[in-house]
Amino acid sequence: GSAPCILCSCCPASRNSTVSRLIFTFFLFLGVLVSIIMLSPGVESQLYKLPWVCEEGAGIPTVLQGHIDCGSLLGYRAVYRMCFATAAFFFFFTLLMLCVSSSRDPRAAIQNGFWFFKFLILVGLTVGAFYIPDGSFSNIWFYFGVVGSFLFILIQLVLLIDFAHSWNQRWLGKAEECDSRAWYAGLLFFTLLFYLLSIAAVALMFIYYTEPSGCHEGKVFISLNLTFCVCVSIAAVLPKVQDAQPNSGLLQASVITLYTMFVTWSALSSVPEQKCNPHLPTQLGNETVMAGPEGYETQWWDAPSIVGLIIFLLCTLFISLRSSDHRQVNSLMQTEEGPPMLEATQQQQQQVTACEGRAFDNEQDGVTYSYSFFHFCLVLASLHIMMTLTNWYKPGETRKMISTWTAVWVKICASWAGLLLYLWTLVAPLLLRDRDFS
């Protein structure tokens, strides 16, 4: 007990609101780490000792195109249960923290303290989740994951739009303050870089995920998203849009274009046809893959999953660390810059806590973020990482994980919804002139 206190005393004074979000995010990342460990072959061999493993025909070789055998099912089942535990943990706090308005609410003390007991609750949920009777649990939880991941993809896009707007505004402000063209050159460089990466992504997707005589769905998806990205890029620089929203520009459009290409790539990597998806596991020569602990290695370490994991980590940290510079985004994400406090009181708190290395309460007059909505975002994040780590494979028969068109359509629809959302941010000032979009 004293060791963490000594470590905390070395940390600088911080706001309660920031420290609490970081610790809850650490809990989520801990669940992600356990899920990754559960996918390793050595751990899978130990999972056979639990009651919900594949028991029938455990040594029968099974290799089917578009399917993954029983060994993978074990690893993926473990991920399902770990993410169920984290989602249930954060959903409990979503309900518990409804309508907390300030730190004077007794529930705020639960939000900002009792970390040891929270950790025990998370461990208890995790242990209990591994003894849930299999039955239809995996199939039902798959659809929860699909819906939650769709919503989290949209949240990621909102954060990217906000990040690109803030980036553009700050660099333009620096250019005006310093009277230097270097800032303009930097914006131009990154805009061109993002567009070049997007064009390269389109070319590679046509090369690796389509064939001249087939894969028509992939061709349609790539072509449509490329066309939509060109349209929103043109809309971003239209004179009327520039007059209504001077800070809009090609930098934001290039960021959205690159993210849309990533989501398209992720969708194509879920296509359940071997000739249109090089990521599907396949039988090589006369080799067989055993449906047991000795002959199996989980295959989730493909490029889309790794990139998706990195974006997930960055966006989750982004949610935890900062409030937006834009009132509309703060309203949507249920955050704000923070309630006004008396300067003397705040300075006194900071001076005292700086000596003690503790977090100080900055929410006595009102919370700086919605506790409940923050936990709901972590629920969606848990579902999204579950789908990412399992390659969006659906639990099918007893001994297979099946890649389905459901995952493809969810990702493609999420990319379209994201583009529509960005387009709305451009045209809303033109259509709703009585509202302030500054």
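Any Cβ shown, glycine's included, is placed from N, Cα and C.
Those TrEMBL annotations? Automatic predictions, nothing curated.
Now, the feature entries from TrEMBL:
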- 22-43: transmembrane segment (TRANSMEM)
- 79-101: transmembrane segment (TRANSMEM)
- 113-134: transmembrane segment (TRANSMEM)
- 140-161: transmembrane segment (TRANSMEM)
- 182-208: transmembrane segment (TRANSMEM)
- 220-238: transmembrane segment (TRANSMEM)
- 250-268: transmembrane segment (TRANSMEM)
- 303-321: transmembrane segment (TRANSMEM)
- 368-387: transmembrane segment (TRANSMEM)
- 407-432: transmembrane segment (TRANSMEM)
Non-local residues, at least 6 beyond the ends, that sit with Cβ under 8 Å of the transmembrane segment (140-161): 80, 83-84, 87, 252, 255-256, 259, 263, 311-312, 315, 318-319, 329, 332-333, 377, 379-384, 386-388, 392, 394-395, 406-407, 410-411, 413-415, 417-418, 421-422, 425
Whether the transmembrane segment (303-321) meets the transmembrane segment (407-432): three or more C-beta pairs under 8 angstroms: no
Contact check, the transmembrane segment (220-238) vs the transmembrane segment (22-43), 3+ Cβ pairs under 8 Å, seq sep 6+: no
Recorded stretches the transmembrane segment (22-43) and the transmembrane segment (407-432) touching, at least 3 CB pairs under 8 Å: no
Non-local residues, at least 6 beyond the ends, that sit with Cβ under 8 Å of the transmembrane segment (368-387): 15, 17, 21, 24-25, 28, 31-32, 35, 79-80, 83, 86-87, 90-91, 93-95, 97-100, 107-108, 111, 144-149, 151-153, 155, 309, 312, 316, 319, 323, 333-339, 362, 407
